[in-house]
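Asker: What TrEMBL shows for this protein is this:
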ACT_SITE  His83  active site, proton acceptor
BINDING   Asp84, Val87, Gly89, Asp91, Ser93, Glu105  Ca(2+) 1 binding site
BINDING   Pro180  substrate binding site
BINDING   His210  heme b binding site
BINDING   Thr211, Asp262, Asp270  Ca(2+) 2 binding site
DOMAIN    42-344  domain 'Plant heme peroxidase family profile'
SIGNAL    1-23  signal peptide
Amino acid sequence: MASLKVFCSFLVMALLSSTLCMAFPGFGFGWGGHHGGGTFSGLFPEYYGFTCPQANDIVMSVLKKAIADDPRMAASLLRLHFHDCFVQGCDASVLLDDSSAIVSEKNAGPNKNSLRGFKVIDEIKAKLEKACPQTVSCADILALSARGSTVLSGGPSWELPLGRKDSRTASLSGANTNIPAPNSTIQSLITSFKRQGLSEVDLVALSGGHTIGKARCATFKQRLYNQNGNNQPDATLERTYYNGLKTVCPKSGGDNNISPLDLASPVRFDNTYFKLILWGKGLLTSDQVLLTGNIRKTMELVKSYAMDEVLFFHQFAKSMVKMGNVSPLTGVNGEVRKNCRRIN
Ligand code: HEM
């Protein structure tokens, strides 16, 4: 019965896609990669229903152990999916190592000495290659790991469209330009998300990913010592929080020292991140400006999510699906890598 259901949904999706393709050529209904942004992406949740029904179980079993050994790993894996999707779409380009054909995104400013979790992805890929050779893409592994990490940290789950293929290219310059900087203004955050087809609602909800994980001093030090070029701290930083951060991040050196993005519950996925922003305890400029940036919409959303965790969870799940649909490669575009670090 269950496999009949899987078969039917596969059939319906395939028929729908090809029918729409024929009816509206050039409108992007098909399997070809295009901008996701909430539109029909060609991905669907039962994609591996026949070819690798145990895919999610394998991902979850590796995640459980990795996160038990290192609770921060959940945050690192969630972030990997974000850094993948913002650079030429969710195509696992972020996982490619340097080679004669590839200039790796791993050396881009936002990624170098910063992204973590590559070995966990390798372990998941190795297990999946054993169970279902050359079937589950690295891009889908990133999407499944982001969802699994959220769930294992106490956050929401969601129905996850699958069927992404892996790129045969990477873009170092794309990583440098498309991934927003921690000292961004609210306007540049909005613009950067818009470029990916993501709204202000998505920006605020997805920033809630900072309810778990840590950041290096290098990413917020400016706020402590010279926020506006006048050798003064950021006036929006709450005083005791500011004093605490100064002990972790001295004026010179210590750039790789780390501080939790959500100091109250750093490994728990909850809505504390938004409460902290209301108290002037957002760690990055990009966190605090959601409230202080003078954009009514983002300001109100921070307040709503701080008051209502159910609302935050609901929107986070929706926005993660939307981010996961950004320009996927599908069908004959791209490939399923055998090793996530290199093209086949
Ligand atoms: C809104 C724009 C964003 C900016 C400017 C930003 C910036 C940053 C920075 C600077 C760090 C610390 C990196 C380091 O210390 O090397 C970080 C960490 C993190 N980011 Fe973001 N981020 C943004 C959006 C997102 C989104 C959309 C997600 C996921 C949905 C996310 C998830 C995370 C997580 C989980 C961590 C902690 C990673 C770890 O502990 O390994 N971020 N982010």
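Glycine is no exception: its Cβ is also placed from the backbone N, Cα and C atoms.
Tell me what's around each of these sites.
Answerer: For His83 (active site, proton acceptor), the same-chain residues 6+ apart in sequence whose C-beta sits under 8 angstroms from its C-beta are Val94, Glu105, Pro110, Asn111, Leu115, Ala175, Ile179.
In three-state terms derived from DSSP, Ser93 (Ca(2+) 1 binding site) belongs to a helical segment.
A coil conformation is recorded for Pro180 (substrate binding site) in the three-state DSSP classification, outside any helix or strand.
Of all the Cβ atoms in the protein chains shown, 24 others lie within 10 Å of the Cβ of His210 (heme b binding site). According to DSSP, His210 (heme b binding site) sits within a helical segment.
According to its DSSP assignment, Asp262 (Ca(2+) 2 binding site) is coil.
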Asker: Of His83, Gly89, Ser93, Pro180, Thr211, Asp270, listed as recorded positions, which ones have a Cβ less than 6 Å away from ligand 1?
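Answerer: Close enough to ligand 1 are Pro180.
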Asker: Here the binding-site residues are Ser93, Thr211; which one has the lowest number of other Cβ atoms no more than 10 Å from its Cβ?
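Answerer: Fewest other Cβ atoms within 10 Å, among the binding-site residues Ser93, Thr211, is found for Ser93.
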Asker: By a simple count, how many Cβ atoms lie within 10 Å of the Cβ of Gly89 (Ca(2+) 1 binding site), its own Cβ left out?
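Answerer: A 10 Å sphere around the Cβ of Gly89 (Ca(2+) 1 binding site) contains 26 other Cβ atoms.
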Asker: Have a look at the binding-site residues (Asp84, Asp262, Asp270) and report the one with the fewest Cβ neighbours inside 10 Å.
Answerer: Asp270
Asker: Would you list the other residues of this chain near Ca(2+) 1 - those whose C-beta lies within 8 angstroms of the C-beta centroid of Asp84, Val87, Gly89, Asp91, Ser93, Glu105 - in sequence order?
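Answerer: The surrounding set, listed in chain order, is His83, Cys85, Phe86, Gln88, Cys90, Ala92, Val94, Ser167, Ala170, Ser171, Gly174, Ala175.
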